[in-house]
Each structure stands twice: as C-alpha cells, then as structure tokens.
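Notes follow once the structure below has been shown.
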Amino acid sequence: MDKFVIRGGTPLLGNVRVSGAKNAALPAMAAALLTEEPVILENIPQVRDIITERNLLQAMGAEVELGYGRAHHRTTLCCRNLVNPEASYELVKTMRASTLVLGPLVARTGEARVSLPGGCAIGARPIDLHIKGLEKLGAEITQEHGYIKAKATRLKGNHIVFEKITVTGTEDLLMAATLADGETVMENCAREPEVTDLAHLLVKMGAKIEGIGTSTLKITGVEKLHGAKHRIIPDRIEAGTFIIAGALTGGDLMVQNCDPSHLGALLAKLEENGVKIRSNGDSVRVMSEGTLKPGDASTEEYPGFPTDMQAQYMALATQCEGASVVVENIFENRFMHAQELVRMGANIKIEGRRAIVRGKTPLSGAAVLASDLRASASLVLAALVAEGETIIDRVYHIDRGYEHIEEKLRGLGAEIKRIGELFPKKASPVAVS
C-alpha cells in the first residue's frame, strides 16, 4: 500500500502550476454520453478518479482516449456505440461521482442501471435528489438488488425545486434536461464553478441553458446534442491546498494557472489569519512571515468557505496563535483527520459539528492514516511543518484528486518521497480506446 514519507521544517518557495479540476472533469466526461459525436476535453488531471470514470465509460461501450503527455492533457471521448447502459457496483463504490451517468444515460438511451453508491467515509451523500428529479422529468424509477433502474421513452421538461443544494444532483439533472421535451426550470441549484463549467460545455454541445452561474437554471430541451471541444477549469481546491501550504510553512509561493475569483472565501479567511495574498490574473502569490492569527471557518455551499478546504484549514489552525473554531455544515463525520493531527501533537476538541483548535502547538512526525481525499491533504500539510519524519499510509486517497502532488511539493523544496507505485499497470492512465 502506497505511503508518503515526509520530513518537515522547510519553507516552500517557488512556482507551482495547478492542474485541471477533477470535480469539473468528471461531469464533463459524463456529458459525452449525451451525444454520438466526439467530445474533446483539455486540461484533464491525471488522477485516479479520472481512471475510474474512463473504465466506467468504456464498460458501456464508449471509446475513451486519455491523452496524458500530449499538449493540454487532451482527452477524446466518443459514445456512439453504447452497448451497456450500466454503472456497476465495483466502479461506483470507489467513486460516488459515478452516479453522474444516470441522467445522461436515461436522457439519451431511454434506460440506465446504476448501482447505489453505499456508504461514504465523510458522511451521507444521498442519491434521492437525483431520483426525485428524474421522476419529475418523467422517468420510471425502480430499485432492485442494490441498483437504480431508470426508464423513459423521452424525458419531459418540468419544474424542479431542490430540497437542499446538491452539486452532483444539479449536474445530473442539468444534463438530463438538455434532451428533455420542453422547458425545465430548476431552482435552488448549486452555483459551484464546476457546475458552471459543465453548463458552458453543454452550451457548446448545442444545449439551451439560461441563468448559468445562478441558483435558477432554465433549460429548453433539444432533439440532439453534438460534439464539442472544451478546456476544464483549474482546480480551486488544489490551488487552495498549495496556498495553505505556503502560508503554513512560512514560504513564498506563486500558485499559477488558477482562477482567484473561485477562491474568494478562502483568500479572505487567510488574510484574516495574517497571510499576505497577492492575486494577479491567473495566479496567486502567498507570503507568510511571522505569527499566524487564529480565525473561525464555517463551511457553506459556494461562494462560501468550501467543505473541501476544511481539513486543510484545520492543519493551518494548529499553527495559529490562539483558538480557532472550524464548523462543518455540509457533511457529518468529516473530522476524521482531527484524531490523526492530534497524534502529531495538535490540540483539537470535537463538539458535534464544531472543532476547537488551540494553537500554536509544535507538531512532531508520526505514523498516520489517511481516511479520505481531503484528510490526506491535511496530513501532508501538517507533515510539512512537523519536526522529524511523518509516514502517511493509504495515500491512494490523495491520488484520487491531486495530480503528482509529491513531485510538485519536491519542486518547491519539500522533503517528500513515495513508497509504492503511483499508477500500477492495471490502472494505467496511458491512452486507451
């Protein structure tokens, strides 16, 4: 099992380039199911979740060529000959975003069979909002043997109001509505940049969508969509992780190929902590000198403080002078990294959805265990400032969403090495069709 060995104490210095957003690439790949024509996606990150999505689409009969190593990380998908409209449990259990194929499949082929995702390390992410929305669009939904089965001759436009904000639910039903008969109005939609990026791709494919970037989307269905070429937005969570790495280690970093407008809540919070931030076009410079001030962070849907940055911010809070309070409002059970940070010397008390972090505490290297993607990132950050050597086990979690993170950190001066093989041959990201 892969591990990271990190020796802390080195300020990070230099430039780092952010990869494409995994959470934008996954729905974009699913959107290729909506057309018989090729869809070309650029800036696709080389991470495990993309490999899983490729395997899922190929199992349905799609041709997928992951062009890593080529210009712009260009990926081509062609779903002309779909032979098996099913997402198996073996694939869905490793990546819950696999359920994003439900809407596109039933919209284009009239049927879909998608495994229920089961449990999740960071709490419930129910698929019921997807199901209720598809039923509103006229799909007949049944559940059998752990699978959701959807059928429809052609979906019909309707008025959908989400009971709670859901990113994947918004994306799934948005894709389905593009091929529905008539007009669909969706209210209380997620406004994350990744949702907006998907909408822009769909418009390039011929979809008619109004209200992009707002909480109300109006979709006028069309008979068919065509191929398109699209560049995936930069990964705001990777950018935020490196920005915190610079602040935490007392470094001076230029985080390049990012969109500062997607980072507003995080950058504002870090400035409260005393971190110097300079945004310029597609880059953010982070400088940290002297004492970090404590601060409180409460996760919210976009444009609020992102839940996917909560664990990383907690690592920063351990090095702030005073008490910080971190509140997790999106998911339950998303403080699993806290006990591992405590093993390294952090002073953290959990009270329900609140974590009280008292700093500044010296951290020391220890053997720790990663429980999920963002928890992995928080442990890497803590290890960068810990005295001595930290061994992080189960780093396959971090490989799901960060492209070659150890290489990028080494390029900034960090002492980090991997034990194990990043992409075993059976999971090779090399171009396959």
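Here the Cβ of each residue, glycine as well, is placed from N, Cα and C on the backbone.
For Lys22, Asn23, the entry in Swiss-Prot reads phosphoenolpyruvate binding site, with the evidence type sequence analysis. According to Swiss-Prot, the UDP-N-acetyl-alpha-D-glucosamine binding site annotation covers Arg96, Arg125, Pro126, Ile127, Asp128, Leu129, Asp308, Ile330. As annotated by Swiss-Prot, 2-(S-cysteinyl)pyruvic acid O-phosphothioketal applies to Cys120, with the evidence given as sequence analysis. Summarising the annotation, Swiss-Prot assigns active site, proton donor to Cys120 and lists sequence analysis as the type of evidence.
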DSSP three-state assignment (helix, strand or coil) for Lys22 (phosphoenolpyruvate binding site): helix
Tell me the Cβ neighbour count for Leu129 (UDP-N-acetyl-alpha-D-glucosamine binding site), meaning other Cβ atoms within 10 Å of its Cβ, over all protein chains shown. 20
Lys22 (phosphoenolpyruvate binding site) and Asp308 (UDP-N-acetyl-alpha-D-glucosamine binding site), distance between Cα atoms, whole Å: 12
Quick one: pull the CA-CA distance for Arg96 (UDP-N-acetyl-alpha-D-glucosamine binding site) versus Asn23 (phosphoenolpyruvate binding site), whole Å only. 12
Measuring Cα to Cα, how many Å separate Asp128 (UDP-N-acetyl-alpha-D-glucosamine binding site) from Asn23 (phosphoenolpyruvate binding site)? 20
For Asn23 (phosphoenolpyruvate binding site), what is the tally of other C-beta atoms lying within 10 angstroms of its C-beta? 26
Length of the line joining the Cα atoms of Leu129 (UDP-N-acetyl-alpha-D-glucosamine binding site) and Asn23 (phosphoenolpyruvate binding site), in Å: 19
Please report the Cα separation of Ile330 (UDP-N-acetyl-alpha-D-glucosamine binding site) and Lys22 (phosphoenolpyruvate binding site) in Å, rounded to an integer. 20
Counting other C-beta atoms within 10 angstroms, the emptiest spot among the binding-site residues Asp128, Asp308 is Asp128
Enumerate same-chain residues with a sequence separation of six or more from Ile127 (UDP-N-acetyl-alpha-D-glucosamine binding site) and a Cβ-Cβ distance below 8 A; give 'none' if the list is empty. Thr99, Leu102, Leu116, Pro117, Ile148
Least crowded of the binding-site residues Lys22, Arg96, counting other Cβ atoms within 10 Å of each Cβ, is Arg96
I'd like the number of other C-beta atoms within 10 A of the C-beta of Ile330 (UDP-N-acetyl-alpha-D-glucosamine binding site), please. 21
